[in-house]
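> Can you keep this structure in mind? I'll have questions shortly.
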Amino acid sequence: MACKYSTLIDSSLYDREGLCPGIDLRRHVAGELEEVGAFRAQEDWRRLVGPLPKPYAGLLGPDFSFITGAVPECHPDRMEIVAYALEFGFMHDDVIDTDVNHASLDEVGHTLDQSRTGKIEDKGSDGKRQMVTQIIREMMAIDPERAMTVAKSWASGVRHSSRRKEDTNFKALEQYIPYRALDVGYMLWHGLVTFGCAITIPNEEEEEAKRLIIPALVQASLLNDLFSFEKEKNDANVQNAVLIVMNEHGCSEEEARDILKKRIRLECANYLRNVKETNARADVSDELKRYINVMQYTLSGNAAWSTNCPRYNGPTKFNELQLLRSEHGLAKYPSRWSQENRTSGLVEGDCHESKPNELKRKRNGVSVDDEMRTNGTNGAKKPAHVSQPSTDSIVLEDMVQLARTCDLPDLSDTVILQPYRYLTSLPSKGFRDQAIDSINKWLKVPPKSVKMIKDVVKMLHSASLMLDDLEDNSPLRRGKPSTHSIYGMAQTVNSATYQYITATDITAQLQNSETFHIFVEELQQLHVGQSYDLYWTHNTLCPTIAEYLKMVDMKTGGLFRMLTRMMIAESPVVDKVPNSDMNLFSCLIGRFFQIRDDYQNLASADYAKAKGFAEDLDEGKYSFTLIHCIQTLESKPELAGEMMQLRAFLMKRRHEGKLSQEAKQEVLVTMKKTESLQYTLSVLRELHSELEKEVENLEAKFGEENFTLRVMLELLKV
C-alpha cells in the first residue's frame with residue numbers, strides 16, 4: 001500500500017515497552033491541520049456547550065497529536081474535520097466519565113439519526129447537537145457517501161455508550177473485553193478512518209471486516225485503559241481493565257499492568273497475522289485490504305501518543321504553540337498549512353517496506369517520479385519541460401542535420417496543463433461529484449464509467465470557469481487570482497480548449513456510443529447559452545425572465561443534464577426509468593443553482609470574499625435579481641428616476657468595465673426598493689421545495705430512497 005501523506009519515524013523513541021512490536025510508526029506531514037481542528041472544536045464547545053479547561057487535554061500531543069500518528073494516511077483536506085469530530089468525542093467522553101446521567105446521549109443520537117435520513121435541523125437544538133450537525137455538514141460537503149457512514153456508525157456507538165448505566169459490574173477481564181472493545185469508540189473511529197482515508201468497504205464484507213479487526217480493537221482498548229487509569233481511577237463512573245484485573249486476581253496495580261501488557265502484545269501479534277493473511281487473500285476486495293492495513297497504524301500511533309500526551313501525562317506536555325492557541329485562540333494563531341498542500345500528495349513511499357532512507361528523493365518538495373508525465377502522443381514517459389540554457393550547435397551542417405531529424409524529444413503537456421491545474425487546486429465544494437454519486441444510488445453505473453463521467457464533467461466545468469472569468473474579466477475565483485490574471489489570456493484559452501479536447505477523447509471511450517452524441521449535443525447547447533449571456537451583457541440588453549431561464553437551461557443546467565443523460569446511457573438499470581424522467585430534476589437543479597449564485601453574489605459576505613463585492617454588477621451580467629429589479633422599475637412610473645439612474649450605471653459599466661463601490665451600493669439600494677433580493681430568495685425557496693418533491697417522485701419511480709441526495713439538497717438551502 002503506497003503512503004502519500006506520511007513519513008517513518010523511530011518508534012523506539014515512544015513505545016519503550018514494545019507494546020506494538022512489528023508495526024511501523026508513521027507521522028502525517030499535515031499534523032498542523034489536526035491541531036487546528038481540535039482547537040476549533042474546543043472553541044465551539046466553550047461557545048455552545050459550556051466551560052472547558054485551558055489548555056484542554058484531548059487529542060493533542062507535544063510531538064504529534066493523535067490522528068497524526070494513528071491515521072497517517074488521512075487525506076489532508078479531511079484532516080481538520082476528522083480532528084474536530086474526534087476532539088468532540090473526547091470532550092463528550094469526559095462528560096460521560098464524570099456523570100453518565102448528564103451526558104445528553106439521546107440528544108446526540110437523535111441528531112445523528114436525523115443526518116442519516118437526510119434532514120439536518122439545528123433550530124433550537126442544544127450546543128452538542130449543533131456541533132454534531134456542523135461535523136456532518138462539513139463532511140457532506142467533502143464526501144457525502146462516507147459522511148453517511150460516519151453518521152451511521154457514530155449513532156450506533158452512541159446507542160452502545162448509553163448502556164453504561166446498566167453494564168458496570170464486570171467481574172472478569174474476558175467479560176469486560178467484548179464491551180470495552182466496542183466502547184473504545186470503534187463505531188466512531190471506523191467512520192472517521194474510512195472517511196479520512198476515503199475507504200468504502202463493500203456491504204457484503206462488513207462482517208468480515210469486523211471479525212478481522214477484533215484483535216486491534218482489544219489491543220487498542222486495553223492500551224487505552226493502561227495509560228488512562230491514572231487519570232480515571234478517581235472518577236465516579238470508572239470502568240477500566242486495570243481495576244478489573246486487580247479485583248479479578250487480587251493483585252496490585254503494578255501486577256495488573258504487567259498482565260495487561262502481555263495481553264496487549266499478544267493481541268498485536270494476532271492482528272499482524274490477520275493483516276498478513278488478508279493481504280494474501282484473493283477472495284476479498286482491495287478496499288477491505290486497505291482498511292485492514294490502515295488500521296494497524298491505529299495501534300502504533302495510539303501507543304506512541306499515549307506515552308507523552310497531556311491527556312495521560314499531565315499539562316506540562318503541551319508544546320509552546322498549543323499553549324498560545326489555548327490562551328489566545330486560533331484567530332491570533334491560525335493554521336500555517338497552505339491550501340495548496342491540503343490537496344496534494346506530499347510524500348511517496350510504501351507503507352509496508354519503506355525505511356527512512358528509502359523514501360523517494362524529493363526535488364523542491366515534489367517526488368522525482370511526479371516530474372515524469374505522459375506526453376499525450378504515444379504514451380511514453382518523458383521528462384517534464386524545464387527551461388535550460390541552449391546547448392544546440394550553431395554549425396550549419398549540424399543545424400541542417402537537426403532540421404532533417406523527425407524523432408526529436410517530445411514536449412510534455414506540463415505547460416498546457418498548468419492553468420488548468422491551478423484552477424482545480426483552488427478550494428471547491430465538489431458539488432457535481434456529489435451529484436453524480438447521489439444519482440448513482442439509483443442508476444448503478446459501473447465505477448469505471450462513473451470515474452470517466454466525473455473526469456469529463458470536471459474538465460468541462462473547469463474549462464468553462466477559466467473562459468467565463470476571462471470573458472467577464474473577473475479578477476478573483478474562489479478568493480484567489482483568476483487563472484488568466486496569472487497565466488495570461490492566450491495560455492488560459494489554450495489550456496481550456498485542451499480540456500475540451502481531452503474530455504471529448506474520454507467520452508469516446510465510454511461503453512455506450514450514445515454518450516458521445518449526448519456529449520456533443522449538450523456541449524453545443526452550453527456554448528449557445530453562453531453566447532446569449534455575453535450578447536445581453538455586451539449590448540446592455542435586458543432579457544425577459546423566460547429568456548433568462550432558457551439561457552440557464554442551456555448553460556448551467558446543460559452540464560447537469562449532460563451528466564444525468566450520460567449516466568443513464570451507461571446504466572444497467574436504464575429500463576426502469578426513461579431518459580425524460582430525469583429531465584425535470586436536471587432543469588430544476590440548474591435553475592436553482594444559477595439563481596442561488598445570482599443571489600449570493602449580491603447578498604453573501606462569504607461570496608464577496610471569494611469573488612469580490614457584487615461582482616456581477618462589475619461584469620454587467622443580467623442576473624435574475626437585476627432582471628426583476630428592471631422589470632419592477634419599468635412597471636412603476638413613480639420609480640422612473642431610479643430607472644434612469646440604473647440605466648446610467650449600466651452604461652457607465654459598459655464603458656469603464658466596472659462600477660465603483662459607491663455605484664454598486666446605489667444599485668443595491670434600488671434593489672431594496674423593488675424588493676428584488678427578497679423576491680429572489682422567495683423564488684429560491686419555492687424551487688427548493690419543488691426539487692424535494694421531484695426527489696420524492698424519483699424515489700417512487702426507482703423504488704429506492706436517496707438520503708445522500710436529500711442531504712445534498714439540504715446543504716444547498718438558502
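Don't overthink the numbers, they just go from 1 along the chain as shown.
Backbone N, Cα and C define each Cβ position, glycine as well.
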> Among 224-232, 422-430, 521-529, find the range that Swiss-Prot records as motif 'NSE/DTE'.
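Residues 224-232 are the ones Swiss-Prot records as motif 'NSE/DTE'.
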> Closest of the binding-site residues to H461 (isopentenyl diphosphate binding site), Cα to Cα, picking from D93, D468, D472?
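Nearest listed residue in space: D468.
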> Indicate whether R432 (isopentenyl diphosphate binding site) is helix, strand or coil by DSSP.
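Going by the DSSP assignment, R432 (isopentenyl diphosphate binding site) falls within a helical segment, counted as helix.
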> Report, as a single number, how many Cβ atoms besides its own are within 10 Å of the Cβ of R432 (isopentenyl diphosphate binding site).
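Summing over all protein chains shown, R432 (isopentenyl diphosphate binding site) has 19 other Cβ atoms within 10 Å.
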> Sequence gap of 6 or more, Cβ distance under 8 Å: name the residues on the same chain that satisfy this around D472 (Mg(2+) 3 binding site), in order along the sequence.
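Result: E619, K621.
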> I'm trying to understand the geometry here, so how far is the Cα atom of R432 (isopentenyl diphosphate binding site) from the Cα atom of D93 (Mg(2+) 2 binding site), in Å to the nearest whole number?
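One finds 37 Å between the Cα atoms of these residues.
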